[in-house]
């Protein structure tokens, strides 16, 4: 972080609208700042090292798919002795709320919904790991939905964003990091639980936690004693192709777990069967579950071809055929 990114003020430059949530590494608020609605993570200055680390990790991942977008700059308030940074505000809340909604209604996620959610998280994790960053706390509460969603009535899942990089760390080429910081009970890989304070966290530890997320989507239950579960022990409501993947992700032997890229590829292979309307962008390769989502992406990014850019307006149309 450069000095120019830190702004000091006698009082916060934003107005708190609503408390969203928090934990040991800060509190998150919905705020209005400069005419924009944002999410603000407020951290006590005594935890400044953790705050700067999270901010730097999110900056490195700013252009990644399905990763919560951070805004440039930090703010230190003398009045509250807190350090704040700002992110996009996502109206759809977190994935955990939707799990509890379905459980309360006695319903379950449809397989296409689980596949779509899993694919989006896999894209985010693949990007993190390609930048040698471990999230270290993958769980439903740290997956945010861009728009409001009712999984009971809407098959199409909104865009998802992985958030809360408070425990994240960078690793070397060997892909492991010794850490005293732990994730969330129930989502910790066996090697983390067994080795305690000196546990060697790795990309495969993130994959185990990701497998726990998919387990929760399929069962609506908290992951408890899920190591080495066989596919048929997870659920009988989903295909063996999906359950087999989750079973591999929950292996007690981290060498037997797939990479994020392999998880993404496997879920992508299931999409033609369960999401026949899925479309991908020819420019960046990102996948969208419907043509409407793809069109929005094309207009926002300019990732489109014009049939005849110099021709009359009628011919200057998006070429999105496959």
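Using the three backbone atoms N, Cα and C, a Cβ is placed for every residue, glycine included.
A TrEMBL annotation is a machine prediction, not a hand-curated record.
Per TrEMBL, these features apply:
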| type | residues | note |
| --- | --- | --- |
| BINDING | 41 | ATP binding site |
| DOMAIN | 14-269 | domain 'Protein kinase' |
| DOMAIN | 279-308 | domain 'C2H2-type' |
| REGION | 303-322 | region 'Disordered' |
Residues satisfying Cβ distance under 8 Å from the residue listed as 'ATP binding site', sequence separation of at least 6: 26, 27, 28, 51, 54, 84, 85, 86, 87
Stretch-averaged pLDDT - the domain 'C2H2-type' (279-308): 70
